[in-house]
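Step one of this worksheet: look at the structure below.
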């Protein structure tokens, strides 16, 4: 194994192995605890996990510089192949960095069953790193679904309650419904005639765009399905709302910065496939734009901070998906990276208040950011960045994407979505930073209580710095560098006039929303996430369960009864045959026997033992014989 | 060497049944030792096999008058299944070290299992139809005795009888088909390699489809596929844990193995002509098995129905492999490879799930999922292994099921796009049912029919964990397995496309 490939393997295998061992060691005999009082304290787990995450970050930076590839045999035509190129370099470093910061934060916040928590987080990190570096469909799909499984396990982390477990199931099933698309894409890759691509790896991601016939359309449809599912785009968005029942560090890493983001990333990477299928670019662009708009409205109507942030995540990922469809790979990448910093920061802050104050209701949290400066200041930076306020990051990255929206209708939708993000971010700012009631003295917990100082403040500060400056990726001179790095040097950039206009728009919308935060409309349809989950239950879950019950009854009462009925029929036939045997065959046999016995008795009759009778019989017989001879002769 | 591997367990079984006075502990350890030696022997067979083609071959006249010979050998199709058999039987032997007193004595139980192991190994090594049939039927007898003698519940005898009669009738159909092949061959023979080299019943006629029908019904009952599966749930529910594990992990594979070993190579023309039937049966089994499993409230019955689902994927792939005109050879080979891997994978994962179900029954006396809840609290190891097995069972990448199902789907899509897309929904339903089962058994509020006592005992842990570890190994590093299976799968595809 060469040096670079060893580097890449250790980048993904170190967190995978460490995470697997940690996760399974959690239930040890001595640390198992009881049902009501969880044990598994595993004091070393956070330290181990943070150390592993730190090494992983170092390896990720090294990999981003060295650009290694690695390859291992898997199935025919689809080896596990990983490579770091310009696009994945940015994402790998982002994921590793955010992962480390979130783990540092969680080291102070997670108290129970730590080995399982930190193990799963590391396992998840490994899966994301594989997803980001995969260059074959097999490697991609492998990591893609492992991300989903760790997401399930982390959402359901508080397994003693039913709601998180059900939420994890919802998340896994919804995203897996999308994952089926990747199986379709793989099938399309193998089904297409091998002619054009030669004898190479038919399951390579690069080969998808060059498929013959109708197959690239199927592949593109499958990829869109998978990406929309993971990125919580319409109509799959509802699972992200349920996923908020997981611990806040999980929301900060999985459901904003990494797993959800991978949906957008996949489309950025497979932009050539979308283009070769034609319609797929438009579908991605409009799907992303409409998600940004609709989920922006959903976010604006939320009453809980985490729900607002979740809807905002889906909306912001909509911009990334739009970027992939409209042809702004560099802009999409910059947005992805900057959003990772912004959103994990906001989720961590929300988690800190949730832990300290026992609520994430926006009204209950009024003034929380003002009272708790250590968390409140970074939160303000993140929220302003989310609003698109210059010079913070998402302002510049969003404009870069906007520059690629060519049709006026699309441009209008995106602009409206951008205004909505300013509005919902402004709402959060207005409520949390505005004046609020003093917390009741009976609460007795100081803000941020229970979470030790530097473990909390350092990650928040670093993420806030990222949220502030990462917009540079979408501004000259770095923007040009990024475009070259992701292999799209000709992509458009936003003009100065646009940037000023969006800046003014964002500032105005944010200020308006912050000022009138308590009075902003909260329509029921938006608060309920467009009733998407209800719809999914109506069209998919309930019919499936009904079909299951019907078929189970059919199985018992028709199929099984047919089989046992056949057996019973054979038994009836047997008893009928037995009866026929007794009354028919056996009676005939006995009848014959009786007849013979009667004949025998008849035959015994001449045997009288008296000589004269024998002579008489002999005479009769002889006479009869003579008559017979005469007659025959 | 192969013959020794096949008959060593039978010899051990005879020794065990002859020595009445043997203490229980000695019986258990002898059982484990022989099963371990078997696994070692199979490993040696695999290591010394230089494919492709048939290796470790023995061909002696047996009943020359009837054209039947003692012909055994291994190739890339049979080696993985021989290894699976040895692994699962070893796991069952280890599982039985727990020290619970079996109803009719551990000695006879061990002897029966060892004899059953010989029939399974013999079937996968057989290259003669009569030999195949002999082992096929003897396995039914052995499993009947296991369920009837050591099953739990009042229905055990009835379930055992149902299992016996159903699969026995199936085997008669199989025999009818074999005799059809024999009479059609020239010179008359039961030899599988000779029949495959020069397939009888080529060139149309009514006999070919009828013989294929007879063989397919016989194998479909054993597999089982829709609509011949109704013997499976009661047999599993009432069988002892080790019996269930062997029934699901090994005996079901006799049906699917028969398709790739006998039906496809010997009746290529008819297989191609009726491939769509097998695809349809496969897809219906996939969806039907998954949906009916979803509706179950009994954990073991649920796992039993997922077997119908998992076997459906195999039939889908084998049917797709017969659609010669619609997909190229590489795709069809991928599908058949996936089907063979699925046999191994299902054996490992479902074997583990049934052993875990046995733990459930032993601790609480019921498989009803609603009687349980929050088991992750008192039994964290059990919960961890069950969760891993469930995720492996729903085809999570990283485990063997994914390697199998991915290849089945990717390889079949070109040949039968609609059917494959429908079958894909199966993995979604399977995911739902396994997660729901995990939720009901392991998570949420604590509920147990009676205090469960200890977490997994060492014997239970050491029997289940290696099965799942193997599944993980295949899921992450499958080349060692695929390097053996792929050439054999290509051969099958070549034979079918003649």
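A Cβ is built for glycine as well, from the same backbone N, Cα and C atoms used for every other residue.
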Fill in: transmembrane segment per TrEMBL - which of A:218-240, A:540-562, A:563-585, A:586-608
A:218-240
Worksheet item: Ranges A:6-24, A:25-43: which does TrEMBL label transmembrane segment?
Response: A:6-24
Discussion item. Pairs 6 or more apart in sequence, C-beta under 8 angstroms, 3 or more of them: is that satisfied by the transmembrane segment (A:409-434) and the transmembrane segment (A:614-632)?
Written reply: no
Discussion item. Considering only Cβ pairs within less than 8 angstroms, which of the stretches A:44-66, A:86-110, A:308-330, A:455-475, A:614-632 has the most against the transmembrane segment (A:377-397)?
Written reply: A:455-475
Worksheet item: the transmembrane segment (A:308-330): which same-chain residues, six or more beyond its ends, come within Cβ distance under 8 Å?
Response: 87, 227-228, 231-233, 237, 240-241, 243-244, 251, 255-256, 260-261, 263-265, 267-268, 270-271, 274-275, 280-296, 298-299, 302, 336, 339, 343, 346-347, 350, 362, 386, 394, 398, 400-401, 403-406, 410, 414, 417, 420-421, 424-425, 427-428, 474, 479, 482-483, 485-488, 491-492, 529
Worksheet entry | Interface present between the transmembrane segment (A:44-66) and the transmembrane segment (A:252-268) (three or more C-beta pairs under 8 A) | no
Item to complete: Compare A:6-24, A:44-66, A:336-356 by their Cβ pairs under 8 Å to the transmembrane segment (A:455-475) and return the stretch that comes out on top.
Response: A:336-356
Response to the item:
Beyond a gap of at least 6 residues from its ends, the CB atoms lying under 8 Å from the transmembrane segment (A:44-66) belong to 4, 7-8, 10-11, 14-15, 18-19, 22, 26, 84, 89-90, 92-93, 95-97, 99-100, 103-104, 106-107, 110, 114-115, 117-119, 121-122, 125, 129
